[in-house]
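Feature annotations, courtesy of Swiss-Prot:
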MOD_RES   Ser18  phosphoserine
MOD_RES   Ser41  phosphoserine
REPEAT    73-98  repeat 'LRR 1'
REPEAT    99-123  repeat 'LRR 2'
REPEAT    124-147  repeat 'LRR 3'
REPEAT    152-173  repeat 'LRR 4'
REPEAT    175-196  repeat 'LRR 5'
REPEAT    201-222  repeat 'LRR 6'
REPEAT    228-249  repeat 'LRR 7'
DOMAIN    262-303  domain 'LRRCT'
DOMAIN    334-424  domain 'Ubiquitin-like'
COILED    349-375  coiled coil
Amino acid sequence: MDQPSGRSFMQVLCEKYSPENFPYRRGPGVGVHVPATPQGSPMKDRLNLPSVLVLNSCGITCAGDEREIAAFCAHVSELDLSDNKLQDWHEVSKIVSNVPQLEFLNLSSNPLSLSVLERTCAGSFSGVRKLVLNNSKASWETVHTILQELPELEELFLCLNDYETVSCPSVCCHSLKLLHITDNNLQDWTEIRKLGVMFPSLDTLVLANNHLNAIEEPADSLARLFPNLRSISLHKSGLQSWEDIDKLNSFPKLEEVRLLGIPLLQPYTTEERRKLVVARLPSVSKLNGSVVTDGEREDSERFFIRYYVDVPQEEVPFRYHELITKYGKLEPLAEVDLRPQSSAKVEVHFNDQVEEMSIRLDQTVAELKKQLKTLVQLPTSSMLLYYFDHEAPFGPEEMKYSSRALHSFGIRDGDKIFVESKTK
């Protein structure tokens, strides 16, 4: 069903949070009393508003009465206006300027690229710490204006905005700690490096689903560009070289990396991918969302040495030599056949006779008795069988259950089977 068009923020607010749709809550619920209004006003005498308002996909195009917004929203700290029809920044400003406690604002999927954001409008956002502009097609000029007027902005979401380039403002933003800029088309490192210039305090950079093809930057320059970067996501980027992975070591504070779905790792098995990456990134404590334990790191580094042990010296990565210094040269792991043994050579003892024979371990005790019938000259019903493990400290074990498979005894070459007669 299509959303009605031309609706105001206040109209939707009153409808959604009326007592009929949003019953009064005790405790943290906030009851807002509104003075009597002219006849025909959609406002109720009393609304119950939480501090987090979710008004997404409501067809909102404008603010409505600003006095009413101020009366209702003085306590509101989070506001989700995503997927509405707001296309004028002035209308957004009318809403936000009357929500003095606002810290989180989501304007995703509103057609705001159709208007210019003036600094006077952006100034009404000054207290916002987290701003979401996904799929808003916000221009870099708009982003620059926001950065100038939001001195406390810590988290910015610019996903799905069709960016192919990055434009730097005249002044950098020191407050921003987290930037989500996924699902754009930022292929060249020359564009990504601008983000380091713009946001020198950046802690988390999420670049997933861009097509970045290489990290073309000297190691010392990387450290200066992103001195505080702790976490980076390169999920589904276009990286194709191990040199690009090695360059991540140049970020002095990097602890967390996401690298799933990149062309470089496609030829490797799941085990090889993780171990080879862990071994190359000694400072990373979390890879693809999973903690790297000390035990996993040592296993990965030893695996790395063995993986490259037979590679020509000119092709061996530098990290290999570092790990050789740490662990020394390691011999290849012995290949152990873990398949169950199918037969065993055992000694069969009966009276004073000893006969060496090969027995199938997939047969049952009853079938073994049939095999021994000719040798010991006893009917199967008169046989008592005992199994003796030549390496075990215990005595013989009676093989009393006819349907039990021989492999369940753990029979190996050199073990003994004793046969006695029940009539003995």
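Cβ atoms here come from the backbone N, Cα and C positions, even for glycine.
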Within 10 Å of the Cβ of Ser18 (phosphoserine), how many other Cβ atoms are there?
16
Contacting positions for the repeat 'LRR 4' (152-173) when only residues 6+ beyond its ends and CB under 8 Å are counted:
108, 126-138, 140-141, 143-144, 146, 179-187, 191-192, 194-195, 197-200
Intrachain residues whose Cβ lies under 8 Å of the coiled coil (349-375), provided they are six or more past its termini:
340-343, 383, 385, 399-407, 411, 416-420
If you run through the domain 'LRRCT' (262-303) with DSSP, how many residues end up as helix, strand and coil?
24 helix, 4 strand, 14 coil
Give the helix, strand or coil assignment DSSP yields for Ser18 (phosphoserine).
coil
